[in-house]
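Inspection log for the structure reproduced underneath, given as structure tokens.
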């Protein structure tokens, strides 16, 4: 008999870990039983599902294979049905080729089905059908081969021109001519032969043979046929019989192929039905296995659940008596201890972990009682140390070089209230503590919401992790500056912000980047300019005849001459090309050194009155044009023609941009401003007073990528798709930089503005340029003029022009030849090219000439703008400079002026 008291005592004295382990072990055993049952059930279900999937796939493949085979047979039958109607080629393309492709798919499916049946999860009944599948596969291949044979046989019969039927038909046509005197017998024979081609019944062709025999006899008895004629006709009849017999042989072969198709269809049909039935049976068996497994699993799980519930009740009862009850007693003692009743002890009760915990609890009560007695003394000491620490913190806070501020989070971290701020922070933000303490951060510096610092505050407050914020500018209502911020969270929840002023460093960095960009642009423009200069010089020499010769010939042509229009077009095109080359030379060599004091307003007014500007207003008549000129502008030292060119280039650019928008507006204004040192560094110019030309348009915004390259030659035309030569802005940039000025662009959604800054000259009045008057009488009086140029076409043009105006020109091709000539002859004027290769240039040539004939008059001609060599030549005594390509009036006028000087 079981002694329950001894059992209870044994259980009571065991450790809690052992008791828990026993209970947990029983539960784990039950869980293992459930898991094993579930695993076995799932395994059987998985096997059955795999069998269903495989059987279903086999069934699908068999049906698909059977369907594809039926399509192939159907197409094969249609071929034989329709080729006599549609023609062999069309029937072969529509039916024969698709039939062969269908058969190839059947073979592919058969192989896939064969691989499927060989899988290990397939039942024995289906596996035994491997032979049937092989038979089906071989049958499909045989069908393909037989189809191809039958198609070839039909091709042999019905191929146009070369087929047996066409050859037979041509032979019948020849026989018709031969038997024109026996039409009845011929038509009877031809009728039998053609009926055979439709019905393929052999007796019809035999009847045709019989009629052919009669024709032979009739021909033999007819004296109108010569022996040679009879021999030829007999050969034709023999050939007819051979072709007819060959056609019947092919028909027999085709018929045998059809019989083969019928036999194959019966075999494959039986195989398909067998495989489908086996697969269906396997699906039914697998579903029955799944159903039986579900029933058995349900019964086992119910049994395990009942046993588990009984075991859980027993374990719960034991745990309540031996653990839970004793823990409640221990909790009651802890509550008394919490209220300060340290004398209230705990009865241990037992030697397990709870009993040991009770003993430890009693020891702690005694220990804490001793600690409480000494607590007040310790608190006094710590309070004094805290006061010293706070004083040290306030000293650091007040005298720190970095700005420091303490904030309190409100509204769940949505905003922050300023609690304390040190003097450095007051100085950085230019605020007073009395004005901002107690206010929200969003009220003190509203612009901080958009800088990202506000988000950093919230993130640090939520996570407690310190965070730095990159250098940021705060604009607000105060002076622009940059600061570096570090945000921390104090243990009490307040936020500390450290701020270092980085304004000077940031300004220096911005100025450095600006100057680096401007340096890169200058180097890029210099490289492009060198390339453009070489091209421009050659082009000017080429353009000289293009511009000059039409001017020579046009006055001599009658008004109705058909050559006048093309010569005028050549002349106009040459002038346009000359303008483009002039722009290239501006990019290459800059602006002419000749400057004069001018007023920007006068230059703008003069340019707006030109026909070119009037034509621009007419071309863009839908764009509103506004002009506001500043008052009392100081003068600038400039090349007026180049500054006016800048005005025209920017106006053209603005008009085209505004023309693409509804209500387009272009605004031109002049003003003056003072540029300080910071602005001067950004613009790479000298500080001082500047005249400003502003041209704005209401066109679309220019992208940052385009802004970076907008002053490069041809960029605005090739990339941005604007009209013109693509050199306008590049020329403008070069001209302004040559004048010591700067070009600024501001663009946005409302349009784009170009600003040109030109340094002014104080206390210098504007000098009106005297128009160089050229006498109307340009004719010479036979003066001898030495033309020195290395380009033969330019020499020829100059000679023709000078002869036209009554001069006696002498042409040489180099400076050395010119020196040799002047040693022996005197000339009235030297027309001197500046750049000649190989050999000495124009300046060196003139130096040699004036050594031989001091004071020799000369006129310099060059494809470049005024260069250093040209300036030196003019200083040595040359009377003028003419730029290639020149017109006949320009050359005649300059020659006349140079001779007069």
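Note that Cβ sites are derived from N, Cα and C of the backbone, with glycine treated the same way.
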Any idea which of 224-247, 248-271, 272-295, 296-319 is down as transmembrane segment in TrEMBL?
296-319
Can you identify, from 20-42, 43-65, the stretch that TrEMBL calls transmembrane segment?
20-42
Number of helical, extended and coil residues in the domain 'Response regulatory' (784-899), per DSSP:
55 helix, 24 strand, 37 coil
Residues satisfying Cβ distance under 8 Å from residue 833 (4-aspartylphosphate), sequence separation of at least 6:
788, 789, 790, 791, 794, 842, 861, 862
